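Colleague: Structure provided below as structure tokens; questions to follow.
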Amino acid sequence: MKLSVNLNKIALLRNARGENYPDLKYFANKAIDLGVDGLTLHPRPDHRHATSNDVIELSQLAKERGVEFNIEGNPFSKPNNEFKGFCELVEMIAPDQITLVPDTINQITSDHGWMSGSHDEDLKTVIRLLKKKSNNAKISLFIDDINGVNYAAEMYADLIEIHTGKFSNKIAEGDLSIIDELKKIIECATNKDLLINAGHDLNLKNLHYLVEMGNINEVSIGHAIVIDALHYGFEETILKYLNIIRN
């Protein structure tokens with residue numbers, strides 16, 4: 001299992017003051033120095049946290065440091081003011097991985113995965129386009145359940161990212177039955193030759209359950225890392241997550 005650190009919340013803190021402090025590149029380099037496998041940014045059209053320039057700068061940093069860069073977002077997000085557009089950003093940076101999320105402009109966070117709808121043919125088309133623009137980056141679809149796994153296969157995605165919000169809530173309530181549900185999703189995806197990522201609300205208390213399940217390629221964690229850094233400091237927090245994953 002690999003760890004990709006999502007730096008959106010650090011960008012949000014920076015934007016609150018309108019200055020370059022905290023500096024995303026500093027924390028990206030620090031995370032890489034500590035051993036993380038990749039960086040993730042999810043730019044939104046309103047630039048509420050990660051900006052288009054952040055994506056360009058950190059993708060270059062990732063290339064220089066030899067780690068993967070994962071860009072998340074809605075592939076149908078068009079250029080708007082300073083936002084360069086999702087597909088346009090992909091063409092500029094040629095990321096290693098592209099995680100497609102069906103979020104809307106006003107959504108606070110990514111709260112659901114892809115499902116079949118009127119956008120099906122458009123999504124197939126944009127996935128083909130992104131493959132060309134990115135020099136054949138891996139395409140991941142954010143999904144909720146087994147239906148989402150089947151949908152990702154139909155869309156010719158390379159990976160899925162399991163939306164682990166429900167999993168995290170159930171674990172917090174002491175309901176471990178959700179583990180069997182996740183195992184079925186993992187088995188279904190494996191049978192369809194889809195690589196499996198996971199993300200959303202993962203933290204120091206629930207991550208080990210995913211590690212124990214096996215067959216998960218990567219987890220993307222950001223919000224909890226920033227919260228835990230308030231308690232333990234950034235460096236110690238990153239090491240705690242890596243220790244769970246690797247030991």
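Each Cβ is built from the backbone N, Cα and C atoms, and glycine gets one as well.
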Colleague: Where TrEMBL shows Asn6, Arg17, Gly222, His223 binding 3-amino-2-oxopropyl phosphate, which of Asp46, Asp193, Asp201 is named for the same site?
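Modeller: Looking at Asp46, Asp193, Asp201, the one TrEMBL places in the 3-amino-2-oxopropyl phosphate site next to Asn6, Arg17, Gly222, His223 is Asp201.
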Colleague: Would you measure the largest Cα separation among Asn6, Arg17, Asp201, Gly222, His223 for the 3-amino-2-oxopropyl phosphate site and round it to whole Å?
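Modeller: 26 Å is the greatest Cα spacing among the residues binding 3-amino-2-oxopropyl phosphate.
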